Amino acid sequence: MDVLVALGTSASYFYSVCALLYGALTGFWSPTYFETSAMLITFVLLGKYLECLAKGKTSDAIKKLVELTPATALLLVKDKGGRHVAEREIDSLLIQPGDTLKVLPGTKLPADGVVAWGSSYVNESMVTGESIPVLKEVGSSVIGGTINLHGALHIQATKVGSDAVLSQIISLVETAQMSKAPIQKFADFVASIFVPVVISLALLTLFGWYIAGALEAYPEQWLPENGNHFVFALMFSISVVVIACPCALGLATPTAIMVATGVGATNGVLIKGGDALERAQKVKYVIFDKTGTLTQGKATVTTAKVFTGMDRGEFLTLVASAEASSEHPLAKAIVDYAHHFHFFDDPSAPDGYQDHNKESKSGWLFNVSDFSALPGSGVQCLIHGKRILVGNRKLMIESGIIIPNHVEKFVVELEESAQTGILVAYDDNLAGVLGVADSLKREAAVVIEGLEKMGVIPVMVTGDNWRTARAVAKEVGIQDVRAEVMPAGKADVIRSFQKDGSVVAMVGDGINDSPALAAADVGMAIGAGTDIAIEAADYVLMRNNLEDVITAIDLSRKTFSRIRLNYVFAMAYNVIAIPIAAGIFYPSLGIQLPPWAAGACMALSSVSVVCSSLLLRRYRKPRLTTILEITVE
């Protein structure tokens, strides 16, 4: 655009200088157009100013995130004995990991940390998009920038500066806003040939009108006062150069992406780039992991049956010791169940417990060596020099463990009731079975039907057994189920859907989902999941709510509908404006755009595209109503 504006202003200015000199030398005064150059520059700068104002609005989301961090914090000063002896107000930038901070009711948390004292409800909506306040007690994690609503809290800072969640969100949004979507290549291609084409059209206009005048193809009355055919043709040519606007094409995509990524962040949906945003609009299949994605990820042990003469307490502690090093949600449930039994249900701990500190998370567990997690199967390790296996049938069979018929029957009964049967072998003998249930997320069934109404096909892929998988799928309404799939196999399932060119999204939360998230066209990590899963994903759903899967797809569709509309406007503007500026309608309708008016039109076209993108700020998340219809507010 700058080249075209420079050509237009230079042409009118240098012509005016020549006309002025010619008049001074000959006494024949032709009209000059110095005001055209001045007005052109004025309108272009005005347009740039308005464009910058509008583009500044696209970064409002980042500004709001930056403003969340409080300027100061209350540091609790400790004496040598670890007692709090004073409070000191410090700059938030001076907070170090390990500092204990006091957070008063109604104030913002100055850093990420863990609650060391007190309890209160915290408003996390500005970071996660979750409108319901969250109860925080001793041991609960808190996010800097969120608001403490009720009671006073003492928090121990864990992450500060660039490591803090808020800083990472800001960095992610900034990176996404600077990224290019593939559709931008169209605008880049058009822009690369736009200037040469416009200059060619301007020259064609100049020669066309000049030759027409020389051939007396139009009446002399059309000429400006004291003007000639060249001046008449030059004004049309300058208008063509000035009115053409490649900027509208160049702004169509990046401004919309900047707004959309900001809107996503304020709604708890973090988008890692324009390419991911573009792919999401084309999603045909959404692959769901089961545990921690469709389910709460807060499994509970419903039963523990011992099939040997082993003491029940010792059995549970063996299993908990083996599972304590695993990140799988089922592992945490087993450890919690055994912990509760040990401290609350069992009056005397069995021999062998390391019961030196009952407040310790691991003080009551056996020593473990040679631990290894077997994705899709379970875990194995050595306790007291003997091998213990905790996992599914596949692990037992591959390890040569015999499963008696009565045990198999018990496991089948668990699976048919949507529970997972976990087998335990110790010293190469089957020792017992745990029944684990993981309740479904309340929104799961509604989201599945909502996706189907959007034309998206939901699929469940899990490492769990077929009986449990079918029972869960039936509850949520998923027709296509793949069970007993290893983590690497999940990626293979995704590739099978991609063979016909379909765009596939994967929603997961665990380490074992990372290969599938990376293989999918659009990887969506539940925000409460593991760091590895979040790193592998294109989207991070901060609220840990499946409704945000629909929000991610819907926002992408709305964004690219807006981008296409921007392109239509930009192309239509140039297709209509250039012929008008060239004077095609002047003979029949008498329409002539002087160069200054052409400059005003050019400036307004860029501003209009930016304002069109800003309309995305009015986006509202799809609301899943009780009749399972998706409506956009």
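Glycine too: its Cβ is placed from the backbone N, Cα and C atoms.
Model, not experiment: these values are computed from the prediction.
Summed and averaged per residue, pLDDT over the domain 'P-type ATPase A' (69-174) gives 85. The domain 'P-type ATPase A' annotation in TrEMBL covers 69-174.
For 12-30 (among others), the entry in TrEMBL reads transmembrane segment.
Summarising the annotation, TrEMBL assigns transmembrane segment to 36-54 (among others).
For 186-210 (among others), the entry in TrEMBL reads transmembrane segment.
Annotation comment: TrEMBL describes 230-252 (among others) as transmembrane segment.
Residues or ranges marked as transmembrane segment in TrEMBL: 567-589 (among others). If one looks beyond the transmembrane segment (567-589) by at least 6 residues along the same chain, the residues whose Cβ comes under 8 Å of a Cβ in the stretch are 186-187, 198, 201, 205, 209, 218, 222, 236, 239-240, 242-245, 248-249, 252, 598, 601, 605, 608-609, 612.
As annotated by TrEMBL, transmembrane segment applies to 595-616 (among others).
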What residues in the same chain, six or more past the boundaries of the transmembrane segment (230-252), come closer than 8 Å to it by Cβ-Cβ distance?
1, 4-5, 7-8, 11-12, 15, 19, 30-31, 33, 36, 40, 51, 187-188, 190-191, 194-195, 198-199, 201-203, 205-210, 213, 222-224, 563, 566-567, 569-571, 573-574, 577-578, 580-583, 586, 592-595, 597-599, 601-602, 605-606, 608-610, 613
Who are the chain neighbours of the transmembrane segment (186-210) in space, where the CB to CB distance is under 8 Å and they lie at least 6 residues beyond its ends?
3-4, 7, 229-230, 232-234, 236-238, 240-241, 244, 246, 249-250, 252-253, 567, 578, 582-583
